[in-house]
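TrEMBL has this to say about the protein:
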- B:15-227: domain 'Cytochrome b561' (DOMAIN)
- B:259-292: region 'Disordered' (REGION)
- B:12-32: transmembrane segment (TRANSMEM)
- B:52-73: transmembrane segment (TRANSMEM)
- B:85-105: transmembrane segment (TRANSMEM)
- B:117-133: transmembrane segment (TRANSMEM)
- B:142-161: transmembrane segment (TRANSMEM)
- B:167-185: transmembrane segment (TRANSMEM)
- B:206-226: transmembrane segment (TRANSMEM)
There are 2 protein chains.
Amino acid sequence: MAMDGYRGFLGLLVSALLVGFLSVIFTLIWVLHYREGLGWDGGASEFNWHPVLVVTGFVFIQGIAIIVYRLPWTWKCSKLLMKSIHAGLNTIAAILAIISLVAAFDFHNASHIPNMYSLHSWVGMIAVILYISQEIGKNKQLLIGFFVFLLPLAPPSLRALLMPIHVYSGLFIFGTVIATVLMGVTEKLLFVLKKPAYSTFPPEGIFTNTLGLLILLFGALIFWIVTRPQWKRPKEPNSTLLQPNRGTPEGVEGSMATNFGNMDKSDSELNNEAAARKRNITLDEAGQRSTV
Amino acid sequence: MAMDGYRGFLGLLVSALLVGFLSVIFTLIWVLHYREGLGWDGGASEFNWHPVLVVTGFVFIQGIAIIVYRLPWTWKCSKLLMKSIHAGLNTIAAILAIISLVAAFDFHNASHIPNMYSLHSWVGMIAVILYISQEIGKNKQLLIGFFVFLLPLAPPSLRALLMPIHVYSGLFIFGTVIATVLMGVTEKLLFVLKKPAYSTFPPEGIFTNTLGLLILLFGALIFWIVTRPQWKRPKEPNSTLLQPNRGTPEGVEGSMATNFGNMDKSDSELNNEAAARKRNITLDEAGQRSTV
């Protein structure tokens, strides 16, 4: 049973990686085969960095950053390490997103196309601003927590209040990015597919619509993986100690299997003494709790 | 404290209703003031039913259907009644969505515009098909459960397996519908805003972009309301009896306040004996448990 839950997770993870990777490949084929290729000359080939970097960074890498805590083989790693990986991936995604904006603005300016008039640009800019704000807030906490790792930066009640907002806004931004990508594909195909028109089902239209579906499917897989309570990283041992009445006799893998598909089971059941006993509490692990 | 949690819920609910209502009003202003109005003659005024019915049914009514279980004053109503309201709202939304598709296809056929070539149409059609499949499956269960309300249609383990899939796919469809609406706005503005062009910031462009942001905000509010564990409808009393070790001494309202913002608290804490005692178990309520 434990093996079933683990296999289910692995199957979905491999699917998500495959679909995400295919999305990046499709984007590259789109700009290299159907469009003007890649360059940095203010022309269409500079613009083409925009979809490539958005799909690579803002979709694929952000998607991986969202599920990185869910990989069962990382549950024995310190949470500070996992937070650093989560933050590092998000930072890479943010940098790629910013470069992708520069490519789009440069192209517009060189071609005297106005900026920021479309719904795609409005929603996309909101997503980038929210993403970077969220990241600055979190990384400040993480960096201070890294150097002064025993300092409790925020009282647990405040952290308990902020964490659901962080999780929610992260997923909201990710969903908004995907919606923005679908708008971007729509815009671009209507701009460039004239002869033959988009409405005559040219190969580029069908190919790029398929890219849109792949990106939607990638989002669906990431959302499924991240919202299953049974695949959540178990809480740190000492937070178990704060709730001594919530331990159960099952092990982590046992919980994974029995919780499979049961939305009403408590996340806290993963947070059990058997799991706690499996871990070595290092100074880092004790320290990272102040970094939320 | 209990009052704070309740006020927070009410504030968000009123905001969601307001933003949803404004989205419908903005859509009507768009088609009546900026576009050709409403009609059913195969022309642009027939097409205009497409955005009106989609925003009214597939966005606003579907959004309400998603959060209908969360209204605290319905927690004393039988769950069969609430399921009927949830299903009824979804059925209305589905009918409006189908009429909206007829309007779009009719307009295309009359104007010799090809159907189903754009990413908007592909993603939208997938959303409609998933939505109707989900509804047929659920309504069959509900109808059989209504007439033969003591028949256990599915073993509890199967229902426990299907419910998270239903919740997930409902939210995925809702998010996909919003992304499709944003693509539809993008398409329509690029088609019709020629002189002056969309890129010259005409009033219609700015107005309709704002409509897009309102719809995104509506989605964000519905997602926030539906993902707070503390605002979840308490489980039926006899499911408490199946887990006798999970009761807590708090009342429902107490739990609502203390769980506020705490993602790690168990949903099951709402499912406590105090809440169970507040209810009258009627035959209907006993029967509805067979309807998933």
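Think of each number as a place in line: the chain as shown, counted from 1.
The backbone N, Cα and C atoms fix where each Cβ goes, glycine too.
TrEMBL annotations: computationally assigned, not manually curated.
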Can you tell me which of B:12-32, B:52-73, B:85-105 gets the most C-beta pairs within less than 8 Å of the transmembrane segment (B:206-226)?
-> B:12-32
With Cβ distances under 8 Å as the criterion, find the stretch in B:12-32, B:85-105, B:117-133, B:167-185 that has the most pairs with the transmembrane segment (B:52-73).
-> B:85-105
Mean per-residue pLDDT computed across the domain 'Cytochrome b561' (B:15-227) | 93
